[in-house]
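Structure, as structure tokens:
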Amino acid sequence: TDFYGFSRHFTITLLKLCISGLKNLQNFYSNYNFFNNKEIFPKLQKLLSSDYFRFYKVNLNNPCPFWTDHSQCGLKYCAVKPCTEGEVPEGLKSSSYKYSEAASQDIEECEKAEKLGAVDGSLSDETRQALQEWKKHDDESDRFCMLDDEDSPKSQYVDLLLNPERFTGYKGPEAWRIWNSIYEENCFKPYSVKRPLNPLASNSGDLFLIKGQGFYRWLEGLCVEKRAFFRLVSGLHASINTHLSARYLLDENWFEMKWGHNVSEFQQRFDEELTEGEGPKRLRNLYFLYLIELRALAKILPYFERPAFHLYTGQRTQDNENKKLLLELLHVAKSFPLHFDETALFAGNKKEAMKLKEDFKMTFKNISRIMDCVECFKCRLWGKLQTQGLGTALKILFSERQIEAMPNMSNTNPSFQLSRQEIVSLFNAFGRISTSVRELENFRSLLSNLKQ
């Protein structure tokens, strides 16, 4: 018997059930929820309140690369308040700490860098530019998402605790357009296959289409990688909708705003009858997303265990305490007995697997670019962060060899690297999913009370 009473046989069976999308996972959910709510969530929330993780540098002014739209959300709750210069810890503002590895370099490493800089000065401008482009290409080739240029004057630090994700009033055709573009153009789906309950579909009155028989027949015919991709996107969508339902503006007057759980909104999105059976599928995909990101945290433990790694903000005592808390969290994540087995993905013919992996990567990068088309700036902020976090999780899962080969020597830089932007987005994105799992318990309790 494994942790929380799961047998190894049950663990394997459960993974098969999760991937196949069958319904009888209720026993799994209860243990899943207990693990998240008691073991993961408290530690994660404490970590995310620290300076290293609460300040996120982002460019919210990138133009939409896919369609021309000059309109902007005029709702007051869509606004994002960026940090002033004095609100950001000094250790985060220096460009030398763009990569966390740089924060741990000692004087000898700095002297080496100065010598390398002198050599670089002898290079021609063309050669230097080429080397920079190669480095940029190497960095980006491993990524599953687009990252903002942190050195851009348009990028600003945002305090995530002061700009929480919640319902802003951004909805309707503009919001549907974002998700429609993701599902219709970036989930390997031909236009001839109609998605159930698509609010932008012209023939949505067709009962066959509403119930989605044709769609799910098509989906189950895909390879496991493409099915997993769709479920990740659907899980992310479900998680975001859970947040918005849990932090809904219930009442407003001159003196205060009351945010809380909107049970009716939650039911509209997830109730089995109201969604023609789609709601439970969405929630199962949310749990699938949780599994993927939890697995990434377990896999990346060796990277953060290195003595060379620091959560550097310039406040040594706090930085050391935060690293200790981070490692505690990752060890808890590693102890989970029902981890997703990512080796089942891209495991066929090497040439075909490589092509499929590249398609997978490019499609997800496209989704991260769509976030620049979101008109509500607060929605754009959290959309960019969560897609970057998922992209970073995928980068980790499919960099197994580099992580396993990671040296323990503090003066040796590994080939696998994470930028601070990737680290912050990874943990905050998982924080959002962890919060969703916790909120599902709250909604179950609220719905149960309504029925009594």
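Easy rule for this one: first residue shown is 1, then count along the chain.
Using N, Cα and C of the backbone, Cβ positions are placed for all residues, glycine too.
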Additional site residue, ARG143, ARG269, ARG295 [criterion: listed by TrEMBL with ARG166, THR168, TRP179, SER234, HIS237 for FAD]: ARG269
Disulphide partner cysteine [TrEMBL] for CYS379, chosen from CYS373, CYS376: CYS376
Coarse DSSP state, helix versus strand versus coil, of THR168 (FAD binding site): coil
Number of Cβ atoms other than its own within 10 Å, given for THR168 (FAD binding site): 19
Neighbouring C-beta atoms (10 Å sphere around the C-beta of TRP179 (FAD binding site)): 17
Sparsest-packed of the listed recorded positions (CYS78, CYS376, CYS379) - C-beta count within 10 angstroms: CYS78
Cα within 10 Å of CYS78 (disulfide bond) - qualifying recorded positions among TRP179, SER234, HIS237, ARG269, CYS376, CYS379: CYS376, CYS379
Rounded inter-Cα distance in Å - CYS379 (active site), THR168 (FAD binding site): 8
